[in-house]
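Undergrad: Sending over a structure as structure tokens; questions will come in a sec.
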Amino acid sequence: MTQKEQGQGFIEVICGPMFAGKTESLIQRRNKALKLKKKILSFKPRIDDRYSVKEEIVSHNRNNIPAILIDKSKDILTFITPEINVVIIDESQFLDNDIIAIVDYLANCNIEVIISGLELDFCGKPFGPMPYLLAIADTVTKLTSICAISGGKANRTQRLIEGKPAQSNEPVVLVGGKEYHEPRCRKHHCLADIDKTKVNWKNFANQSK
């Protein structure tokens, strides 16, 4: 695909913990672009089936927009045509690392790329391709939620298994809503097997090498 003569591409990343309104913000940006008569494609990973298995992006408030379900990042390229102005991608943390090169390419083709996702997993570690997407983004919007314990600003996602904090060795991906997750601030975010008063070498072993 050749670069468009008009318009300027960019990458915007909307991130934050669960229940921060990331998908809602994504839907708002899509609707604004639609009013400007822009040609839009929306995508989400097929694995995200919390609220719908249909071809749509659904927020916690149950607002929705049409979307194409993808199994891998390269699937996006098969749908891109010269008239597309805007590409929207929800739940980007679930995608493979090819998404980094793909969104960079799309932005260089003068396409506006708007992405949402969790930048931290339930352990508080960088999640999937999100740290790289944040690094190459032209604009970053970091949203917060309300801590379920203190009522303060929450920037982390607490995983709960039968109402108790999860162990750090549990699978990173656990698709679900309030039955498994709640927003928490740094102070109240915890893991059952991690002592936060000590340097957390175990949790960040791969990142510190």
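Glycine is no exception: its Cβ is also placed from the backbone N, Cα and C atoms.
Taken from Swiss-Prot, the feature ATP binding site covers Gly16, Pro17, Met18, Phe19, Ala20, Gly21, Lys22, Thr23, Asp90, Glu91, Ser92, Gln93, and the record attributes it to sequence analysis. Taken from Swiss-Prot, the feature active site, proton acceptor applies to Glu91.
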Undergrad: Taking the Cα atoms as reference points, how far is Met18 (ATP binding site) from Glu91 (active site, proton acceptor) in Å?
TA: 11
Undergrad: Tell me, how many other CB atoms lie within 10 A of the CB of Ala20 (ATP binding site), whichever protein chain they belong to?
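TA: Here the count is 24.
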Undergrad: Sorry to bug you, but what's the C-alpha spacing from Glu91 (active site, proton acceptor) to Lys22 (ATP binding site), rounded to the closest Å?
TA: 9
Undergrad: Note down the number of other Cβ atoms within 10 Å of the Cβ of Gly16 (ATP binding site), including every protein chain shown.
TA: 24
Undergrad: Looking only at Gly16, Pro17, Met18, Phe19, Ala20, Gly21, Lys22, Thr23, Asp90, Glu91, Ser92, Gln93, which the record lists for ATP, tell me the maximum pairwise CA distance in angstrom.
TA: 16
Undergrad: In Å, rounded, how far does the Cα of Gly16 (ATP binding site) sit from the Cα of the residue listed as 'active site, proton acceptor'?
TA: 11
Undergrad: Using Cβ-Cβ distances, find the residues under 8 Å from Ser92 (ATP binding site) that belong to the same chain and are at least 6 apart in sequence, listing them in sequence order.
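TA: Residues satisfying the criterion: Val13, Ile99, Ile115, Ser116, Gly117, Gly128, Pro129, Met130, Leu133.
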